[in-house]
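Novice: Following this message is one structure expressed as structure tokens.
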Amino acid sequence: GEMQKRLVGHHHFVQDISISSDGQYALSASWDGTLRLWNLSTGQTTQQFRDHAKDVLSAAFSGDNRQIVSGSRDNKIKLWNTVGQCKYTMGEAEGSHQDWVTCVRFSPNNEDPVIVSAGCDHLVKVWNLNNCKLKFNLKEHSGHINTVDISPDGSLCASGGKDGKAMLWDLNEGKSLSQLDAGAEINALTFSPNRYWLCAATGGWIKIWDLESKAIVDELKPDFGSEPSKKAIPIQCTSLAWSADGQTLYAGYTD
């Protein structure tokens, strides 16, 4: 494919991108300590978000695109409106993360809306969006957590990181459901939008599990051509995203 737009504005690495449900806006989180809201038709920044004290590692839109959540190396989670105003800081609340907040996501469940966060403190936390208070502390991981994702119906959450385990959680009960072994550090997780599948980016591989049978459906690794030298750092898969119809899986690599 050909590049259609170049979004220029951040002054450091861009760590995370979220696209609004209508496809009109992108939200970016950067090591420059800011978030930016972009109009994808013009390629211009429409809003900057400044309140984090350190690098912003993750950002996401709510299902209705009216709220934004971000997580940072300042150990804080911030809730914003779309005009750049920070409405609440969860890093000042009881039960907050005690280390970097690596990933934040909104649940699509409108009846019991929650935010799920993960951190370098080995914890997954579930927050009640109505009062911004901690609902569940999910403890099973033995290393830092890189990624969380929420199932399309909002009932399940998956988390993964350094320990190579993809943990499945019941978001209604705050309980561990099962554990899937990826065999290496998990960099990204995503649920299929129309199948009962979970995909993991782990090392240079993508692993796809059927969540009913807990069996691996497929293991994908692209051919990067010539064999790397022994001193070369192995190419890692670091990001995953499904198309809306669930027919295409996109992956990003460190090459």
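For all residues, glycine too, the Cβ spot is worked out from N, Cα and C.
TrEMBL annotations: computationally assigned, not manually curated.
According to TrEMBL, the repeat 'WD' annotation covers 7-48, 49-81, 94-131, 138-179.
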Novice: Looking at the stretches 7-48, 49-81, 138-179, which one shares the most CB pairs under 8 Å with the repeat 'WD' (94-131)?
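Specialist: Answer, by Cβ pair count: 138-179.
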Novice: When secondary structure is assigned with DSSP, how many helix, strand and coil residues does the repeat 'WD' (7-48) contain?
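Specialist: With helix first, then strand, then coil, the repeat 'WD' (7-48) has 0 helix, 23 strand, 19 coil.
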Novice: If I take every residue in the repeat 'WD' (94-131) and average their pLDDT values, what number comes out?
Specialist: 94
Novice: At a C-beta cut-off of under 8 Å, are there same-chain residues at least 6 beyond the repeat 'WD' (49-81) that contact it? List them, or none.
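Specialist: Cβ under 8 Å, 6 or more out: 12, 15-16, 18-22, 25, 27-37, 87-92, 96-106, 108, 110, 113, 115, 117, 119, 127, 129, 132.
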Novice: What are the DSSP helix/strand/coil residue counts across the repeat 'WD' (49-81)?
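Specialist: Computed counts for the repeat 'WD' (49-81) are 0 helix, 19 strand, 14 coil.
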